[in-house]
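Written out below as C-alpha cells is the structure these notes cover.
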C-alpha cells in the first residue's frame, strides 16, 4: 500500500490534474461567446489589461464591492493559501534556510520560516472554518449549496489540518527526507515515501485533491483568468473599421458569422 501511495499514485494524480485542467481550459476557450463582454471603463492597452487582471486577482475588488464581510475571509484564505504553497516550495527546497539569501543566519531563517508557515497555516484553517460555518448557517447560502461545495471545503480543511499537525512541537518531520522524496518524484526516480503517518496522510489527501480538482468547482482558479480575459478585452470601436474584427476573439473561431468588419457600424438600426 505504501508503494502505491508513495510511488504510483503521485504520477496518476499529477497526470489527471494536468490533463484535466488543460482540457477544461481549452473547452472554455473554444466555447462561442456571441457578444463582446468587455466591462467599461475598459483598459486601453495590453499593459492596462494585465494590470486590471492582476489587481482583481490580488485584491478581489469585485467581491469587496458586493460583500465586504465575505471579502475579508475569502481574501485571507487566498493570501494564506498562496503563502502556504510558496512556503512549501522554497521551504522544502532550502530546508527552511531560504532567508539566508537576504542575510539572516540559518537559525534565524529557520525560526522565521517556522513562524510564517505556522501563522499562514492557522489563518488558512480559520478562514476555511469560517467559510464552512457560513455555508451551513446562512439560509440563503445553504439553499444554494450542494454536496460538492461541502466536500471541497472539508477536503482542503483536512489537508490544512494534517499540515498544521506536522508543525506541532512533539511531531518530528524529517524535512531532508521529504525533500529527497519529492525530488525523486520530480526527476522520475521515485524512492520510498518517508514512514511518517501524518505526512503520509497529508500527502494522500493532496493526491486525492489533485485527482478531484479538474472535475470540481475549484477550477474557478483557472476559470478566473479566462473570465477576466473576456471582461478586459479591447473595447469595440463603432463604426468598425474595414478589416477589423467585429466580434469577440473568443467567439469568432467557433461561429459561422462574419469575423471582420465592412466599414459600417455593427449597431442594428430600426426601419
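Heads up, the Cβ atoms here are built off N, Cα and C, so glycines get one too.
Pulled from TrEMBL:
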type	residues	note
TRANSMEM	7-26	transmembrane segment
DOMAIN	67-222	domain 'NarG-like'
TRANSMEM	71-95	transmembrane segment
TRANSMEM	115-136	transmembrane segment
TRANSMEM	197-215	transmembrane segment
REGION	248-271	region 'Disordered'
Query = the transmembrane segment (197-215): which same-chain residues, six or more beyond its ends, come within Cβ distance under 8 Å?
reply = 2, 5-6, 9-10, 12-14, 16-17, 19-21, 23-24, 155-156, 158-159, 162-163, 165-166, 171, 173, 178
Key: Averaged pLDDT, computed only over the residues in the domain 'NarG-like' (67-222)   = 96
Ask   = Short question: which residues 6 or more past the ends of the transmembrane segment (7-26) have a Cβ under 8 Å from it?
value = 185, 190-193, 204, 206-208, 210-211, 213-215, 219, 222, 226
